[in-house]
Amino acid sequence: MNVLEVMKRLDDMPESYKTMSMEEMEVRVRAIKERFGKRLFIPGHHYQKDEVIQFADATGDSLQLAQVAAQNSEAEYIVFCGVHFMAETADILTGDHQKVILPDMRAGCSMADMADITQVERAWPILQELFGDTILPLTYVNSTAAIKAFVGRRGGATVTSSNAKKMVEWAFTQKERIFFLPDQHLGRNTAYELGISLDEMAVWDPHTDRLEYKGDIKKVKVILWKGHCSVHENFTVRHIEYIRRTKPDMNIIVHPECSWDVVQQADYAGSTKYIIETIRNAPSGSKWAIGTEMNLVNRLMHEHPDKEIISLNPYMCPCLTMNRIDLPHLLWALESLERGEIVNQITVPPLIAKDAAQALARMLALA
């Protein structure tokens with residue numbers, strides 16, 4: 001069975017939803033939301049399509065949405081418009097009476113999938129042999145529940161792009177070194193901002209089971225997992241150079257999941273929330289080239305017509321896996337609920353959920 005056949009099997013939505021008009025689907029979704037009332041809660045990630053985000057009861061980043069879902073204790077059903085790891089986090093943080101549903105099971109995250117738990121468990125004893133008991137693991141919330149649990153069992157914590165600096169500082173009060181999963185770029189950019197040189201960072205390659213470093217291994221303070229965001233890695237220094245040459249008065253703002261070179265040459269770098277707030281607070285008439293996911297960039301263009309906003313990469317595509325969540329899948333999930341049928345429920349095994357919750361709790365305690 002090829003990859004396309006596997007992906008198709010993961011999608012159980014009837015064909016009839018694909019031929020329905022947008023207007024009819026919108027009417028049906030609104031009616032279901034009204035009938036369910038507070039029993040239904042729909043979180044929508046910033047990177048979702050407008051056709052979906054219009055029905056979100058809350059918008060935000062992955063952790064923020066999971067927390068808001070947990071606070072809505074009256075909601076029996078959390079229909080999470082995001083990707084798989086986000087729905088897992090929501091399941092970990094919400095109550096036992098709440099059911100988390102992902103409208104399309106094909107909505108994964110390539111970066112989260114780059115840190116497989118088997119690979120991580122294979123790497124850990126090798127790193128322990130190299131450095132002894134001097135390493136604390138940290139994982140970006142953009143990771144699977146199994147990775148969060150691995151980190152939680154070893155005294156580590158999760159981080160977000162908003163609090164990564166604070167969490168790395170905390171980690172160094174616990175151990176001499178950190179093992180940062182799964183996004184090497186966020187880890188590198190954060191550590192560098194804290195004054196750690198590139199020579200004091202190493203990269204663990206899970207495909208060769210080797211540590212890549214320059215200089216003295218004894219001076220390594222940060223071990224970065226060799227993972228990345230497929231969207232943000234598509235912004236390059238050449239894109240920045242082109243903007244500087246053709247639009248010298250344009251501000252460049254990027255997400256810290258971009259490479260170190262890109263972040264260093266940008267005018268501003270920060271989380272999705274930071275980007276949104278920076279654009280919102282910018283003066284009318286200001287010009288911005290944004291290095292992040294295209295659905296969000298398009299939304300910012302629409303919300304701020306008084307500002308000139310473009311994508312840093314003019315040929316950028318939206319996050320393909322995030323884009324799996326569309327109006328037909330949302331409607332299908334909701335109508336299934338009305339029939340008493342729960343489709344695509346996300347359930348994290350209790351032992352994994354318990355350890356993953358510890359990693360999340362350590363971070364939230366420092367918030």
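First residue shown is number 1, and so on along the chain.
Any Cβ shown, glycine's included, is placed from N, Cα and C.
Since this is a predicted model, take the numbers as computed values, not measurements.
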Name the one residue among SER21, SER161, SER286 that Swiss-Prot lists for the same iminosuccinate site as HIS45, SER62, TYR140, VAL141, ASN142, HIS255, PRO256, GLU257, THR272. SER161
Would you mind listing, in sequence order, the residues at least six apart from TYR140 (iminosuccinate binding site) in the same chain with a Cβ closer than 8 Å to its Cβ? MET111, THR158, VAL159, THR160, SER161, ALA164, PHE180, LEU181, PRO182, ASP183, LEU186, GLY187
Within 8 Å of the Cβ centroid of CYS109, CYS229, CYS319, the other same-chain residues by Cβ around the recorded [4Fe-4S] cluster site are TYR47, VAL83, SER110, MET111, ALA112, ASN142, SER230, VAL231, HIS232, GLU293, THR321, MET322
Sequence order is fine: just name those binding-site residues in HIS45, ASN142, HIS255, GLU257 with a Cα within 10 angstroms of CYS109 ([4Fe-4S] cluster binding site). ASN142
